[in-house]
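Written out below as structure tokens is the structure these notes cover.
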Amino acid sequence: MLVSYKWLKELVDIDVPSHELAEKMSTTGIEVEGVDVPAEGLSKLVVGHVLSCEDVPETHLHLCQVDTGEEESRQIVCGAPNITAGIKVIVALPGARIADNYKIKKGKIRGMESLGMICSLQELGLPDSIIPKEYSDGIQILPEDAVPGESIFPYLDLDDEIIELSITPNRADALSMRGVAHEVAAIYDKSVHFEDKVLTESDKKAADLIKVAIASDKVLTYKARVVENVTIKPSPQWLQNLLMNAGIRPINNVVDVTNYVLLYFGQPMHAFDLDKFEGKDILARQAKAGEKLVTLDGEARDLIEEDLVITVADKPVALAGVMGGAATEIDASSKNVVLEAAVFDGKSVRKTSSRLNLRSESSSRFEKGVNYADVVKALDFAAAMLTELADGTVLAGQVSAGAVPTDDIQVSTSLDYVNVRLGTDLVFSDIESVFARLGFGLSGNDEKFTVSVPRRRWDISIQADLVEEIARIYGYDKLPTTLPEAAGTVGELTKTQKLRRKIRNLAEGSGLSEIISYALTTPEKAVAFTPNPTKITELMWPMTVDRSALRQNIVSGMLDTIAYNVARKSNNLALYEIGKVFEQTADPKKDLPKEIDTFAFALTGLVTEKDFQTAATPVDFFYAKGVLEAILAKLEITVQFVATKEMANMHPGRTALIERDGQVIGYLGQVHPQTAKLYDIPETYVAEVNLNALEAALKSDLVFEDITKFPAVSRDIALLLSEKVSHQDILDAIAASGVKRLIKVKLFDVYAGEKLGVGKKSMAYSLTFQNPNDNLTDEEVAKYMEKITSALTEKVGAEVR
């Protein structure tokens, strides 16, 4: 928000240096980015009256005689296309400084002496974006009453001081001059002076020409007035200066009035050419799929159902709260005008402006909020200005639909509540003084008082907001330093935090190093390495395609990290990550995804490098499985590994789903060689587990068990099996035998060869039995082995070797 200090001093009786005001505002809650003086660095710029102007043959130049308030006129050579005799212009005298500290000197152009320079606004340092289009390619023409020889600064308000405010979302009331004036008045305990305009209406009714309706809950209220017989012309210089100092380009008197009201009240407005309407029914509604609108910037916009539009005869004529349409634009031929003042849903406006990358002064205000109480006042003020500046006739009555609350908001608190929070010893008279300065109503006493908060301060709704206002106006620097009165409470980690920390410790104890990868990735990588991919949640305006979708797995990001390291000759890697993946089962454009805590690791290269004693040991499936099993064992969680060929990015013969109670909670295995080739990485093994599922499986209470005094007994068994039988099949068969004294099963040998026959393999297991209350006898162990052997023969067709 750019604030003209000249304008501000018209609204509040203050006379302090602008830099002092800026510092005071920053310390009371509204950050000031800086203070800029447009005239700074400029000198010896005066008003000139062009007495004569002759074309120089065969050139674009003009030889001018210019009165600069001296006894004799000056001869100045000028190349501007809009130079002509009789106009008042900006003259830089010899020795003058213009933009970029450029010094003007006497000189000759085509042999003709030039005693100065006739300047454009660009040459004074003003940006092209705010210069009126009629002067964008030529010199600035000053008002007719400008006096030759006088400084041009007062005529263009270049001697103004522009205070740039950085407005946070909670202080959107300061996006208007009236809001800033209230703030400054409160800081300095002054009164505000706002201009009132008397609106004169004709007997003719606006409702006879237009009708207004709302067909969306995103439009809170919509109000319109009709002004007839306007004369389109440039705005007076004071208004153009004011808009340019606020960073807005002057267009014409009608459009400039709407922008003036936007700056003054903070209420966005729009003006339509009534004669370009194809009907009288104005409807604010959601856009229809496939509708198009050419906006004022000349761009054709494809609309979607989430956009809000203003329609006439069911045709869009404006993007509500963002930008008007070119079809009903105010131009030089416009005579009859419809003025719009409305309140649109901020979220809807923000979505549309973001989707179309179309930001405007109006959209920024609707996004942060507007003052409901000023909608009617702003509309009437604009209509009154059009009678003054455009000679228009205002038709009787506003035409409106919908309503917004305009009454004050009541918030109650107590003096004790305030003093406890601020550590102060304020009395009730101090509170009365603060809210009087803010312009708020106050009733009650120190035990309980109620503040009537005007609608212009919609950021205030609870007791804490009142405390903040008291602290701001009383002065943060006056608040005493005190210790907190409330007793502290002992903190405790949540179950989720404890699990994360334990897994982190276990993973690092297994030799893994933690990384953090991006949660945003490509749509393709988002659903890779996912047993059950869901809908993709994509960003509307991603900075790059590589960071456009929320991940549904962690592994793809880990492989990017491995590829980065391998490319730099770091080949032996053991990495892990604890993070979130995002599952979307509903509409990604409307609903938030479900966040799932996930643990993943990736291994590649050598477990141990070779030396003079031992051979190198590469990472393999069983090593990766052992890492995961060791972590799960410490958590006392039992899972099942089920071979799968369904995951396209994983090796079909070296991949297993991780199941618990019949539910898939993750996977483990080798990255498919073709996928590894795409990443340009060597053989890599990965695992990914749902931490939410692990948390649910944790034992809530651990009960101490005495260490048994009785020894365990082990027996080995070698089985001849079909090569199709898996280790899990063996474990399931042994479990089916129902031997309660069996406490451990360990695979210690696997063999396949010609001696066993085609399609056969041998697997050897060590079985451990123990009775915690007594010694096991040979007969008991033999009985257990017999039951296990029978189960293996029956379930998997095993032969005991």
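Cβ atoms are placed via backbone N, Cα and C, with glycine included.
The annotation domain 'tRNA-binding' is assigned in Swiss-Prot to 39-153 on the grounds of sequence analysis. Look at Swiss-Prot and you will find 406-481 tagged as domain 'B5', backed by sequence analysis. The Mg(2+) binding site feature in Swiss-Prot is assigned to Asp459, Asp465, Glu468, Glu469; the stated evidence is sequence analysis. Residues or ranges marked as domain 'FDX-ACB' in Swiss-Prot: 708-801.
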Which one of these binding-site residues has the most other Cβ atoms within 10 Å of its own Cβ: Asp459, Asp465, Glu468, Glu469?
Glu469
From the DSSP assignment alone, can you count helix, strand and coil residues within the domain 'B5' (406-481)?
34 helix, 14 strand, 28 coil
Rounded mean pLDDT within the domain 'tRNA-binding' (39-153) lands at 94
Residues lining the Mg(2+) site besides Asp459, Asp465, Glu468, Glu469 (CB within 8 A of their CB center) are Asn170, Arg457, Ile460, Ala464, Leu466, Val467, Arg472
Is it possible to list how many residues within the domain 'tRNA-binding' (39-153) are helical, extended or coil according to DSSP?
13 helix, 49 strand, 53 coil
